[in-house]
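Chemist: Sharing a structure here in structure tokens format.
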Amino acid sequence: AWYVPCLASLETLQELCRKENLRCKSIGITNRNLKSYEVEYLCDYKVEEGTEYYLVKWKGWPESSNTWEPQKNLKCPLLLQNFLSDKNEYLSRVREGKALKVRNHVKALKPAVADYIVKKAKQRIALRRWKEELNRKKNHKAMILVENTVDLEGPPLDFYYINEYKPAPGINVINGITTGCECADCPAEKCCPKEAGFILAYNKRKKLKIQPGLPIYECNSFCRCGPDCPNRIVQKGTPYSLCIFRTNNGRGWGVKTLQKIKTNSFVMEYVGEVITSEEAERRGQLYDNQGNTYLFDLDYDSDEFTVDAARYGNVSHFVNHSCDPNLQVFNVFIDNLDLRLPRIALFSTRTIKAGEELTFDYQMKGSIDLTSDSADGLSPSRKRIRTVCKCGAVCCRGYLN
């Protein structure tokens, strides 16, 4: 037998069951709660004969079941607060240079106001579900939050969260390494970095101590050392709670940290589909027409492969460019020592305050000068159409490419 995953949400399935008067224990619709009512969000408002009424969308019920309820019957203070906040936000918008006056005493809302409130409520639910999905799929302990106080944009429709590279057919991102260091207390004389001809990348405080352009060799799954080894940093995932948020200057989504990040700390990996450079060239032409790209060349040693984070990626998919970034890219080797396929890690270049947006330079120039030959291979794939930069940095170059 084979199965097709259901793309409908749990709430949609519950609505269908209640509409058809069906019971389904697997999705939580039983005889006991088939006729239960819980406020999902508030749609509209009116005053009749001195009594305030709200139009209620009931959770797990179709919109055709919406009912007007007096405020005294509603036990949902947060939803009432969201409703009033959304109403005032809409009414206070600036039109033709003048702010609309908010009237606190109205008999009924205009259709445009009610429509906005419903769209905002649906967006809030969609973003909450997306946040829950991201946190289910992530493989690290830190939380991922989602926030949009700017517009009505919801979750991206064609983006799938992954924690590690997704190789295209024929590409092996694990080269079958079968040996590791024998250190009882890393680093020792023959620890992984030294075996590769490089120094340990981290100091005793587990902060980066090497210069941009130099590779990082971490201990792998065959090493004798345990999980507390000071040479296991990137492989543990991001240690910071991050927030995907909607920017207010036309840059789409961005990422900000919810915790203070010290200088030279690992923040996140850049992951996506690993494809050939030929396929990247084909996709790049399509992305140019859309005005964006998530192609990142893996040319530390050669130019055979590229990471494409357009459809598959992690939080790094949403990190914006800046000509004065606070993140820097490093090539990392752990369970794959193939120089053509490094993992891409983003480290802080300075102390980053809680609430500050995270950025890196898509061309890997700006605040840090990469001078080594290998560092030339740290830049994302070239773009053929010049894209205007909106980073706002004092040293902004004007274009992303």
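Note that Cβ sites are derived from N, Cα and C of the backbone, with glycine treated the same way.
Per TrEMBL, Zn(2+) 2 binding site is recorded for C181, C192, C219, C223. The Zn(2+) 1 binding site feature in TrEMBL is assigned to C181, C183, C186, C191. TrEMBL lists C186, C219, C225, C229 with the feature Zn(2+) 3 binding site. As annotated by TrEMBL, S-adenosyl-L-methionine binding site applies to R251, G252, W253, N320, H321, Y362, K390. Marked as Zn(2+) 4 binding site by TrEMBL: C323, C389, C391, C396. Here TrEMBL flags 37-95 as domain 'Chromo'. Taken from TrEMBL, the feature domain 'Pre-SET' applies to 179-237. Residues or ranges marked as domain 'SET' by TrEMBL: 240-363. Among the features that TrEMBL reports, domain 'Post-SET' is placed at 385-401.
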Chemist: Need one number: mean pLDDT over the domain 'Pre-SET' (179-237).
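Modeler: For the domain 'Pre-SET' (179-237), the model's average pLDDT rounds to 92.
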Chemist: Using all protein chains in view, find how many other C-beta atoms are within 10 Å of the C-beta of R251 (S-adenosyl-L-methionine binding site).
Modeler: 17
Chemist: Per DSSP, how many helix, strand and coil residues does the domain 'Chromo' (37-95) have?
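Modeler: Grouping H, G, I as helix and E, B as strand yields 21 helix, 24 strand, 14 coil.
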Chemist: What is the total of other Cβ atoms whose distance to the Cβ of C191 (Zn(2+) 1 binding site) is within 10 Å?
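Modeler: Summing over all protein chains shown, C191 (Zn(2+) 1 binding site) has 23 other Cβ atoms within 10 Å.
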Chemist: For the recorded Zn(2+) 1 site, enumerate neighbouring residues of the same chain (Cβ within 8 Å of the Cβ centroid of C181, C183, C186, C191, site residues themselves excluded), in sequence order.
Modeler: E182, D185, P187, A188, K190, C192, C219, C223, R224, C225, C229, N231
Chemist: Counting each residue once, how many in the domain 'Pre-SET' (179-237) are helix, strand and coil under DSSP?
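Modeler: Helix, strand and coil residues of the domain 'Pre-SET' (179-237) number 7 helix, 4 strand, 48 coil.
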Chemist: Return the count of C-beta atoms lying within 10 angstroms of the C-beta of C225 (Zn(2+) 3 binding site), excluding that atom itself.
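Modeler: There are 22 such Cβ atoms around C225 (Zn(2+) 3 binding site).
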Chemist: Taking each of the binding-site residues H321, K390 in turn and counting other Cβ atoms within 10 Å of its Cβ, which one has the fewest?
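Modeler: K390, out of the binding-site residues H321, K390, has the fewest neighbouring Cβ atoms within 10 Å.
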Chemist: Measure from the Cα of C396 (Zn(2+) 4 binding site) to the Cα of every one of the binding-site residues C219, C225, Y362, then give the nearest.
Modeler: Y362
Chemist: When secondary structure is assigned with DSSP, how many helix, strand and coil residues does the domain 'Post-SET' (385-401) contain?
Modeler: 0 helix, 2 strand, 15 coil
